[in-house]
């Protein structure tokens, strides 16, 4: 068949689905490690060659997963074919599975070099064959034994050899002796043959290509190359230099020098430099660099969540989100800090943690040049320049730049007397305990997690939740933490055997116990002063650096401690959360309340060592000491 002229186009555009084979999660579990590696290499190679031939092939989800190292299975809904629950019990499948194994790499590679994953696992290969026949037209002949991708190369405008891998492409002359297997559940005919090599009409060939490592032989050089990768990967995992693939990443970015294994990866990477986003959402117009990102974004409009956790039933729009979620159940923390050994569930958590070692602050404000270690901190800071206040009080309409500031402001309404507004009034019944009255407003969830979008009413709950993303929770998994909190609702199960004080969390108990033992494991590198808490060391170090990261959004005054900022903000809001049970007087600081309560109790814990006089406040004792100092002069 003569090659088509350059202006000619195929009768029907080729899509990656014509050469791709997909798996469900159940099917993928039964594919061996060596076979998975072969599947990955061939799928990526075929996709790369289709793109290089000029076919407009958008990157499918399975290719994105393979490049990211994720499991490439797709949901049954995406596959749009019935899943056969009893496919594992079919005699032909069991016969094939019993003959396969990681140790028999040669046999499996040989079988797969002539067959498709669909032939072996029961995927409907008839659909692939029909689509190829459409591309080849009436000239297709079973006697020619030309594979589909070889025909694509023939249709190429210059007719040169495309180098496309035919390992995953169905042979057109499927032997009539292959008998379809019937699923007992659905009754569908699924083509399968456990002796595909000998029964498919493919003549027996010599195996001239031999592996130097294990002496296994192969018909095609490409099959030998794929087989040798198994030895390379094994050696690489054992830490030997011989296993490091040399020269495999030969596609280099001219802008930053980064290299890639596939040209398609380089093309996508270069979009970072060019800013190109060719994939646009038809609903909202948002554009993306990758087609897979567009597909995931479109799920946000449809609300579809095809990836479901088999343990708790929670569903996700992305497979990567499901993988991260499952680490909560398994307790897996694959991202480990090389400096301190701490492990994290998410790579982003590790990146944020590593900043604490390096002191790097990559996020810089374009207005004033101030730098931050986190992007979220920069966003909050930029609001001081723009004046943006997105968090608005639903009662009085006052707006704030940060959600914690709104929550602190809401306490004014919670603890105040009946509040009048132009639209409505709100009041707490005097005979109802304050905690019940507060419940009207505790539904306001002012603390928003930027990692997962979850909202919280209380900062303690929000802080505890963030530890899940950072990998800092003291429990092995979120499930264990939830069980612990359910078994001790409002209880304090951790009790000090020295003073009897009880705590809700083991971390608080450990920190408290250091008061009795005198242990101070956290030492300042500047002056050598030691502390029992890491937070105390962090606050102390700011006395050396002069850092004041906590800034008031109302007046711009900065503080080295968050507690100091909270107390300062009460001068703007007028909030006095600490109320005396005896007389009803309220205070901004808890220490002021304690000093005031001694008026009612008559307690005077501060005694003068000179004359023995007692005082209820430390400030009063300090003033009294001046009398003795003047007398000595």
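Cβ coordinates are placed from backbone N, Cα and C, and glycine is handled just like the others.
What Swiss-Prot annotates here:
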- 14-85: domain 'KRAB' (DOMAIN)
- 209-231: zinc finger (ZN_FING)
- 251-273: zinc finger (ZN_FING)
- 279-301: zinc finger (ZN_FING)
- 307-329: zinc finger (ZN_FING)
- 335-357: zinc finger (ZN_FING)
- 363-385: zinc finger (ZN_FING)
- 391-413: zinc finger (ZN_FING)
- 445: SUMO2 cross-link (CROSSLNK)
- 447-469: zinc finger (ZN_FING)
- 522-544: zinc finger (ZN_FING)
- 550-572: zinc finger (ZN_FING)
- 578-600: zinc finger (ZN_FING)
- 606-628: zinc finger (ZN_FING)
Composition by DSSP (helix, strand, coil) of residues within the zinc finger (363-385): 11 helix, 4 strand, 8 coil
The zinc finger (391-413) and the zinc finger (307-329) contact flag, 3+ Cβ pairs under 8 angstroms: no
Residue counts (helix, strand, coil, in that order) that DSSP gives for the zinc finger (550-572): 11 helix, 4 strand, 8 coil
The zinc finger (522-544), counted residue by residue under DSSP: helix, strand, coil: 11 helix, 4 strand, 8 coil
Proximity of the zinc finger (307-329) to the zinc finger (363-385), 3+ C-beta pairs under 8 angstroms: no
Composition by DSSP (helix, strand, coil) of residues within the zinc finger (307-329): 11 helix, 4 strand, 8 coil
